[in-house]
Amino acid sequence: MSKSFKLHSVFKPAGDQPEAIRKLEEGLENGLAHQTLLGVTGSGKTFTVANVIADLNRPTMILAPNKTLAAQLYGEMKEFFPDNAVEYFVSYYDYYQPEAYVPSSDTFIEKDASVNEHIEQMRLSATKALLERRDVVVVASVSAIYGLGDPDLYLKMMLHLTRGMIIDQRSILRRLSELQYSRNDQVFQRGTFRVRGEVIDIFPAESDEWALRVELFDEEVERLSIFDPLTGQLQHEVPRFTVYPKTHYVTPRERILQAMEEIKVELAERRQVLLANNKLLEEQRLSQRTQFDLEMMNELGYCSGIENYSRYLSGRGPGEAPPTLFDYLPADGLLIVDESHVTIPQIGGMYKGDRSRKETLVEYGFRLPSALDNRPMRFEEFEALAPQTIYVSATPGKYELEKSGGDIIEQVVRPTGLLDPLIEVRPVATQVDDLLSEIRIRAAINERVLVTTLTKRMAEDLTDYLSEHGAKVRYLHSDIDTVERVEIIRDLRLGEFDVLVGINLLREGLDMPEVSLVAILDADKEGFLRSERSLIQTIGRAARNLNGKAILYGDRITASMEKAIGETERRRAKQQAYNEERGIIPQGLNKKIGDILQLGQPSMRGKGKGRGSHKMADTTQYQSLSPKALDQKIRELEAKMYTYAQNLEFEQAAELRDQVHQLRQQFIAIS
């Protein structure tokens, strides 16, 4: 039986949180399909959501707009629910180049990808948790709307083992091969199995800490045990165990054979169409590529780019929605859309971009028309599949407001009593010199400044100018990858520099209590970067500081500025009245830097003899390393580990393997 959610927190709901929690729960229990939580920056929206999840005790999916915010939410939810299943589901590609064709230059680009094994394991763990238990929170990016293996086929492929079961060794090995596990008697790692006499060791694909030992007596399963794959130490016996497939995309052999016949029929029809239109090159290209794929599927059970035949493999009709993570979520599940003003448009935009690329591939004979059905969900399909939904944002979009029927649940008063920033409007003519003097005031009292510009060129020039005049400044732009971005933000918080200049990156999800001033240059240039929503989000970056202030440089007050200033002042007045009424003195937020960056850091694995006690000492010396330096250190330790293994010095190799595992967790956390 599944456990109930148990919320761990030293804090109790305060400010507007108790009322927001009550209204959200009331709405969900009354069957409302859509609700919007308008929570200002720093008001504890995540804590409110965690309380709702704990009280209603329903499996929950939280959608975040990007991997960085998803990791931050995952870390926070892990802290709130340490005894429950908090899972992480984002794209497992470190690098992904989709298959594409450029007709103008007759260039075909092969699919190329690099898969992050740790994230793949976390994805498998997420779907397993959704299938097995109800106390589950899955934090996902918009990767959740992309095709995933059919849950019905996935369930059918599972291998169920029970103590006393009659099954011979060959049958177990054959079933493991069907689940795409590979036999490796030398290197025991995730997704492999090994055989020693009548003992089969299986390393489940969704696990990174324990493995299963199956002990047979003739054709009977005599014992099932969980053990540590590194030390071989038995932990406990289990009466039954379910081995899940190594990948979400496993398909029974009979389904593959049936799909192959259907692909042959479509190929014949498509060839006739191409020949009728005198497209001889395209017809020859399509025949050659598809026949090769069919031969691979017949021999190996899969082929490169097998996802393009997913319609046949999952038994769907033309145009039907692909199975996604939403198909794994129970009907009474709960969906939380974080930063909904960004996430909702993303969901709507994924389908069309994917479709245009694939239409070119089909037109020029690289793929069959059925490849168009290997796609993300359309927005209307997402709406039909989504369970009861709570949209969470400081600036909800038009869609959320319409769906919620205008009944918005506000969370404006912060538990800390902090007020929204004061806003000043100053002229553009002297904006750079005025900004420089403000920076010097903030730097002198050890506070930080965020500056947002309109263009990349302006950001670069401003950074150079400020640097020449003695300011410690860095520039954040779109070419900087996620790992380096996190490193820059951490350095700002640590005081390595005082000013961070950016364009559109200084908005959602940046949690920096040290920032006391936000400067918005050319605030009167109406447009996407200076819309009401963008201005409120950017102003909100100073809302976590006791002396928070926003300066908008503009020679006139635009409609967006007027609305943003009006809304901020309305919130500030409400917060001030609440504080005065209850005698609350605002308190600054002293959030530890490690709290933000050590996202979802697992507890030490070592609980048995000879394990864990020495590792903490070995890895603490690397805690302060930057992501780049940490990556280099991991590579060095891996090289040493393999050297030890080649010299048959397995104890030293095992110790280094444990260190590498711990450092990888640390690297993922700060990425």
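Placed from the backbone N, Cα and C atoms, the Cβ positions cover glycine too.
The ATP binding site annotation in Swiss-Prot covers GLY39, VAL40, THR41, GLY42, SER43, GLY44, LYS45, THR46. Taking Cβ-Cβ distances under 8 Å and a sequence gap of 6 or more within the same chain, the neighbours of LYS45 (ATP binding site) are LEU37, GLY39, ASP338, VAL392, GLN411.
Per Swiss-Prot, the feature domain 'Helicase ATP-binding' maps to 26-183. For the domain 'Helicase ATP-binding' (26-183), the model's average pLDDT works out to 91.
Marked as domain 'Helicase C-terminal' by Swiss-Prot: 431-597.
The annotation domain 'UVR' is assigned in Swiss-Prot to 631-666.
Annotation comment: Swiss-Prot describes 92-115 as motif 'Beta-hairpin'. Using DSSP to sort the residues of the motif 'Beta-hairpin' (92-115) gives these counts of helix, strand and coil: 3 helix, 15 strand, 6 coil.
The binding-site residues in question are THR41, SER43, and the one with the fewest Cβ neighbours inside 10 Å is THR41. For the binding-site residues GLY39, GLY42, GLY44, the largest tally of other C-beta atoms within 10 A is found at GLY39. The most crowded of the binding-site residues listed here (VAL40, THR46) is VAL40, judged by how many other CB atoms sit within 10 Å of its own CB.
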